[in-house]
Amino acid sequence: MMDKRTSEIEFHLKNLLACDAYKLSHRLMYPQDTQNLYSMLTARGVYGDFKEFVWNHDFAKEILLNVFNGFVNSVIEVKKNKLLAAALTDKLVSVFNDHELANEFTQHICHLASFLEKNKKMPLVAKIHESDQSLPFRTPLITIEGVENIPNNFVWLVNYFETVLLENIWLFQTASTVAKRIKSLLEKYAKETADETSFINFQCHDFSMRGMSSLQSALYVARAHLQYFTGSDTILGGDNSRSILASEHSVMCADGSKHELKTFQRLLEKFKDKKLSLVIDSYDMWNVLDNIIPRLKNLILMRGATLYLRADSGNYQTLICNPNYKKQDKSTWAMIDYLDHHFSSTINKKGYKVLNKKIGIIYGDGITYQKIEWILNCLKNHGYCSSNIIFGVGSSTYQNLNRDTLGFVYKLTAIKRNNRWIGVKKTPITDLSKSSKGGRYKTKRLITVY
């Protein structure tokens with residue numbers, strides 16, 4: 001078990017070394033007459049289908065300041081704490097098998113600590129682009145450079161934080177872009193088929209937490225999702241997170257398959273005045289829709305809130321809505337047809353059917369943008385309003401993202417030598433899509449945060 005002292009050392013090492021290993025050698029590789037560096041974080045948008053992306057200034061600022069302040073505090077601690085200094089040296093020796101490099105870096109960190117104790121902050125200037133719902137790719141998002149007359153031996157700090165900034169920023173901003181894209185799709189079908197659009201805020205529910213790679217990833221995604229929707233099962237995602245009571249298969253199977261009707265009845269009676277979601281495919285969802293639900297119809301109609309039925313398996317192209325539906329052939333019926341048959345619907349002002357308010361559909365099995373679009377289009381062609389369904393969007397959408405989805409990168413774009421700034425730009429002939437921007441940028445939309 002880790003004691004307090006060991007835990008504190010590990011904490012500081014994470015602040016100091018949250019970077020790719022090669023970053024520690026770059027400070028030894030820049031030209032000796034380097035006076036300053038200027039680097040930029042941007043999204044290239046090379047590989048995805050997106051034409052624009054979402055950028056949240058406040059989130060990026062929070063990350064950057066946490067990273068910078070944590071680094072500063074831990075650098076100062078190295079000078080004060082001999083055990084930490086020794087641990088830092090030992091760690092670098094184990095990674096590089098180079099005692100000279102390890103000792104020199106630790107000494108350099110102690111020298112930096114003296115500077116920080118005197119000046120209270122790193123000799124850097126960081127600017128972050130203001131928030132925007134639709135930025136073009138290759139827009140400068142974060143710029144970092146040394147202060148004027150930065151000590152030459154600290155110039156390396158400009159590029160040192162690339163790794164930790166990217167790893168903490170790309171997922172949130174990418175998930176935000178995806179959530180906004182889905183909301184735009186929901187708005188499109190709502191405007192075409194619904195009388196009002198307020199239901200959209202709860203139409204896309206975050207199911208992703210269990211499929212994310214870590215708690216931190218889940219929280220980044222949840223926070224991004226909650227910028228556009230209020231429905232989320234990630235309780236810790238934000239103060240505006242909302243959910244309802246819902247069963248899972250362990251609940252629906254607890255009484256056994258022979259008592260499935262009893263299970264539904266028990267839950268409907270126990271939570272008669274609360275919104276409730278019940279999963280229906282633990283055994284045979286078609287039996288639930290064709291036999292169990294109609295037997296409980298009066299109980300459902302007497303409830304004080306909506307019952308949402310959730311399918312969790314099957315072919316999505318026949319499950320919710322079947323384009324080959326024939327009224328006389330029950331084998332072609334989908335969920336929407338059964339629920340309309342049992343509970344009826346009304347026609348809204350735009351001529352589309354809206355199910356009885358006591359019943360609804362929620363579907364969250366492997367949901368993607370493409371599946372949502374297909375289902376909403378099928379419902380529309382079938383004469384139904386888009387408000388009849390809620391989607392549970394999980395890791396099939398949010399975990400299947402990576403840094404290249406929007407092409408987030410952090411690159412050196414200018415270097416100061418001989419008292420003159422020179423633009424720096426990479427242009428690999430093997431893949432010109434990876435070309436970087438060059439030079440320094442001035443715009444009022446880049447706000448100084450450090």
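Every residue gets a Cβ built from N, Cα and C, even glycine.
Annotation comment: Swiss-Prot describes Arg210, His249, Arg310 as diphosphate binding site. Cβ neighbour count for Arg210 (diphosphate binding site) (all protein chains, 10 Å cutoff from its Cβ): 11. In this structure, Arg210 (diphosphate binding site) is part of a helix by DSSP.
The beta-nicotinamide D-ribonucleotide binding site feature in Swiss-Prot is assigned to Asp233, Arg310, Ala311, Asp312, Gly364, Asp365, Arg403; the stated evidence is similarity to another entry. In this view, Asp233 (beta-nicotinamide D-ribonucleotide binding site) is surrounded by 20 other Cβ atoms within 10 Å of its Cβ, with every protein chain counted.
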- Item | Rounded inter-Cα distance in Å - Asp233 (beta-nicotinamide D-ribonucleotide binding site), Arg210 (diphosphate binding site) | 10
- Message: Given a separation of at least six residues and a C-beta threshold under 8 Å, show me what packs close to Ala311 (beta-nicotinamide D-ribonucleotide binding site) in the same chain.
- Response: Val279, Ile280, Asp281, Met285, Leu319, Ile320, Met335, Ile361, Tyr363, Asp365
- Integer Å value for the Cα distance linking Arg310 (diphosphate binding site) with Gly364 (beta-nicotinamide D-ribonucleotide binding site) is 8
- Message: For the C-alpha pair, I'd like the distance in angstrom between Asp312 (beta-nicotinamide D-ribonucleotide binding site) and His249 (diphosphate binding site), rounded off.
- Response: 10
- Task: Return the residue, from the listed binding-site residues His249, Arg310, Arg403, with the maximum count of other C-beta atoms within 10 angstroms of its C-beta.
- Result: Arg310
- Item | Rounded distance in angstrom between the Cα atoms of Arg210 (diphosphate binding site) and Gly364 (beta-nicotinamide D-ribonucleotide binding site) | 13
